[in-house]
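Trainee: Sending over a structure as structure tokens; questions will come in a sec.
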């Protein structure tokens, strides 16, 4: 068993179905365990049968049983009686698996009636718009490429797409569900283990499918409420060279609530510096990476819709400095 | 049963092709056509395999910059489209075109010119995709191009059209080949080969052909709808205009899932033939094997939704598709049992073809079991679109179809060329390919469970995926090296192999009755069959005379009893299949650019078909049929 433990330890990680940190992922992990045992047993039986056949054939290598009707006839009658046993065993094994699958499926969708919190996640080429229902104003609190989940609370994720088909997947928390344009899918997740996880688009969605990830933080409800309140607050009013350059060049696509920028094409940047990653998981959030991303988005993420805006070095520096203050 | 020289000369005069290029273009010899199919498919297998190796290299290190996203996306699209549409299905059809008349003791297929037409059209599809690749118009959206990504808004240019039209080519070719195979098996069996005495191989080819006929129209429809969306703004798949993007997926997988079995069922036919010959006893459970093939053929049409468990369909339906998908394991499991039982009770001889069967069982069963896992609607939410599914379908398609195909290649090679392949190098190739494949693809199961999605051109460091990816790359490289040994063995044996003789393996079915390589007329006389294993059961093969040898003639028999009905004229070499295929190619390619190509292109096609079907003198004749013993 130490090897198995080592193997599983090696498979733990921020983006692994083998390291469940939520109810749904746990139900699926248990189902996987059942499947693995049953399948392993079946495979062992098949290989044993193959080995037995080869051993018998080897033992009979000297005899001339070639097309001997009487010899084969007797054996075949015995084999004929074995056939229903084999069929029955396969049906039995499948029945176990189908039943297991059925109950796991029901477990995933058992919490449908009582979502405590609704979060809208919309897929874009190649980033994620995340909106929390604001109980106070009944509006939406918007962020991007980062999802915070309160520990132990069932959250309903409302999944949509703004362009092509994407797929929402945080393997440590739950199985994936597609984001299909023209349709709305709902995924209920109940995260249990606090910490950072990673989600990634699982349906091929174009050039930068590989760089369409997001960070997920599971935290105690109090910490979650504090985070959400911080996200709901507007940014400080814009002032200074960086804010002015942002207004002139970036605000057509990006919003900064409280600072007058209201573009909708790209991610909301109101609290961008408080996020863990940049450019949908392509970079870690640092001031240097912010400036690099603004200067050469297509070098970092070829094909991205973010244009390289010609800014003077001083302006680029000022914009990056300004964005780094948006916490 | 070597014919006297006079008869041989007369048959040769009747059945030989014109010499030179004209003969190359006009031949309707099913063996020549099938050989072309196989050589083309193997060449593409090699090219698409190199693409795979290149992609494996790219993924061996996090943030590797061997490839950018565009090149990687083109590579996996070309790899998948080639392997699924231009290698797997055509290779199986080729084996049917080559073997079915031989195994029936017939002189040619039911529709000889249709066979030629299907190859030329298939070649049109091959050139469409690969010439487009040379011109940098490579499709870049995978082997199934879901809209809206493939729609007019997100895929400008002609990359998506090339993909969609390549499919139209290959599917028309596949329909032609399948109609030909089904008609030949149903109406041209030798006298006495009733349905009950039909070898499993022929059942497999019959069922695969009927499945092709039933499933291919769905994909031709859906790719035509996609082209219409792109070319004339029909909005079938545009949500903003009340179109539905999921309609595409339903229609695509209504073809796509049966396609997997269209590839796998012929492979079960190869395995059945090889096991029977090398176990040196009649197959145990002939009826079970035939019923299993029929059951798989029926079930295959009821489980396409298991490709769509993550799109958010109603839960009740998911349970049905879960059960239907897992049910495939019942017939498949019984097949495995019958083959193992046959090996166990015979005097099994481990020649290279038999080794491939062992590799097939050990590998395919793993793919089947991972298939049971992905068939669970719940568990599939973690597995689909991850590397787990990449591992699964390679285990099924390579382990379940390519290994039997390689075995079949080694098994029938002596019949096709008259020479034996080297056993020693055959074993080396077998060990490298099966070992390399398993080393390469087993780690991908774990990669998928560890969260690696498919179709990503790179991944960040620190995900823990590098080591497994490097093992996968190493395994793939070993398998490719094994492929080179296999090809070298096949090429060298063609000139230097030991002469094979008519029946080197001591096999039971009719394709081994005549000389190797088969002459253009196949067998000199029409065989008469009274058992499942005619070459084993009667000391001298019973034959029948009465089919003309001065003109091309075949014998037509009844569907169930294979009672002789009449003699049918068989088509002579003709240039019209090439001309018709060229006309169809012009229309298909033109319709990528303008809808008017369909109207204008119909005229040359009509002209070519008029030439093709121009009435000729000499009708099908009936006459007395003598039995010779």
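Glycine residues also receive a Cβ, built from the backbone N, Cα and C atoms like all the rest.
So TrEMBL has the following annotated:
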type	residues	note
DOMAIN	B:22-542	domain 'Cytochrome oxidase subunit I profile'
TRANSMEM	B:83-104	transmembrane segment
TRANSMEM	B:116-135	transmembrane segment
TRANSMEM	B:162-188	transmembrane segment
TRANSMEM	B:200-227	transmembrane segment
TRANSMEM	B:260-279	transmembrane segment
TRANSMEM	B:288-309	transmembrane segment
TRANSMEM	B:321-342	transmembrane segment
TRANSMEM	B:354-373	transmembrane segment
TRANSMEM	B:393-413	transmembrane segment
TRANSMEM	B:425-451	transmembrane segment
TRANSMEM	B:574-590	transmembrane segment
TRANSMEM	B:596-614	transmembrane segment
Trainee: Should anything in the same chain at least six residues away from the transmembrane segment (B:260-279) have a Cβ under 8 Å from its Cβ atoms, list it; otherwise answer none.
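Mentor: Contacts of the transmembrane segment (B:260-279) (Cβ under 8 Å, skipping residues fewer than 6 from its ends): 88-89, 92, 95-96, 199-205, 207-208, 211-212, 215, 289, 292-293, 296-297, 300, 335, 339, 342-343, 345-351, 353-354, 356-357, 360, 393, 396-397, 400-401, 404-405, 407-408, 411, 505-509, 533.
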Trainee: Which bits of the chain, at least 6 residues beyond where the transmembrane segment (B:116-135) starts or stops, bring a Cβ under 8 A of a Cβ in it?
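Mentor: Cβ under 8 Å, 6 or more out: 26-28, 33, 36-37, 40, 44, 47, 74, 78, 81-82, 85-86, 90, 93, 158-159, 162-163, 165-170, 172-174, 176-177, 180, 574, 577-578, 580-582, 584-585, 588-589.
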Trainee: Six or more residues beyond either end and a Cβ under 8 Å away: which residues meet both conditions relative to the transmembrane segment (B:393-413)?
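Mentor: Residues 38, 83, 88, 91-92, 95, 98-99, 260, 263-264, 266-268, 270-271, 273-274, 277, 352-357, 359-360, 363-364, 366-368, 370-371, 419-421, 426, 430, 433-434, 437, 441, 444, 486, 490, 493, 505, 511 contact the transmembrane segment (B:393-413) from elsewhere in the chain.
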Trainee: Apart from its near flanks, which chain residues at least 6 from the ends of the transmembrane segment (B:425-451) lie with a Cβ under 8 angstroms of it?
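Mentor: Here the qualifying positions are 56, 352, 355-356, 359, 362-363, 370, 382-383, 386-392, 394-395, 398-399, 403, 406, 410, 463-465, 468-469, 471-483, 485-486, 488-489.
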Trainee: Which residues of the chain, 6 or more past the ends of the transmembrane segment (B:596-614), have a CB below 8 A from one of its CBs?
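Mentor: Same-chain residues near the transmembrane segment (B:596-614) but 6 or more away: 113, 574, 576-577, 579-580, 582-584, 586-590.
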